[in-house]
């Protein structure tokens, strides 16, 4: 029987967000925030629609989760995001004191691992959950929508 | 005669924003964005009021400037900010491709220099403009408002 509350389950929800971004012509990255097995924020990249480089999926998810919780710290929360966070998003997650970050695909060029962005000591990060699906969606976007192949 | 368009002039405007933050009980950091000697965005830290760790002065200034320009890249713009940007804000400035960052006080613990956040190759950064005034305002805040001394 499938455990409805494992990392793969939640990453599938983040992937649905990424697919929404794809349909809007946005680089397809999705994110959700979970606390106590409850999804409290869903977001996807909207940098094109909003004309705003800060509108990454994670940034919106952090803001939405804090709004839901009524406080700015995301203690006991987990962020699921289909692509490894960038410096900006990892920097925001540092301030949020989030407990856990789970990402899908690696971003070896602009991701927080390669660029050594500092995470909060309270934060654990794991990657590779539905990495192939997350990566395939991004590749399809750049081939179909940006003619990069 | 005072040159109305030098870095000190604009940093004074950013300091006025920081003072507004102070009055609201926010950590007093202010920022403005300038293009062709015109101020196109003013912002100050609102993390407490908005319950949102992403509401740093710089983040709001980036969003406001992009909104003014009608495009997400801040080419030919200069950001004046009273405190050296953190990882999140420097990461956002990376994406914005901003031409120049001028900061006031250094943040030796959590600033982008110590944490080696990557800036865009198009971006120049200079610091120390009205550093003492910027720093004094922050110190006064933590003594008066947070009883830290």
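Just so it is clear, glycine is given a Cβ too, placed from its N, Cα and C backbone atoms.
Nobody curates TrEMBL annotations by hand; they come from automatic prediction.
Feature annotations, courtesy of TrEMBL:
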type	residues	note
DOMAIN	B:5-114	domain 'CMP/dCMP-type deaminase'
BINDING	B:56, B:86, B:89	Zn(2+) binding site
ACT_SITE	B:58	active site, proton donor
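Known features from TrEMBL, placed on the structure.
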residue : record                    : CB count, 10 Å
B:56    : Zn(2+) binding site       : 28
B:58    : active site, proton donor : 29
B:86    : Zn(2+) binding site       : 26
B:89    : Zn(2+) binding site       : 31
Spatial separation of residue B:86 (Zn(2+) binding site) from residue B:58 (active site, proton donor) - C-alpha basis, Å: 9
Helix, strand and coil residues within the domain 'CMP/dCMP-type deaminase' (B:5-114) as assigned by DSSP: 40 helix, 28 strand, 42 coil
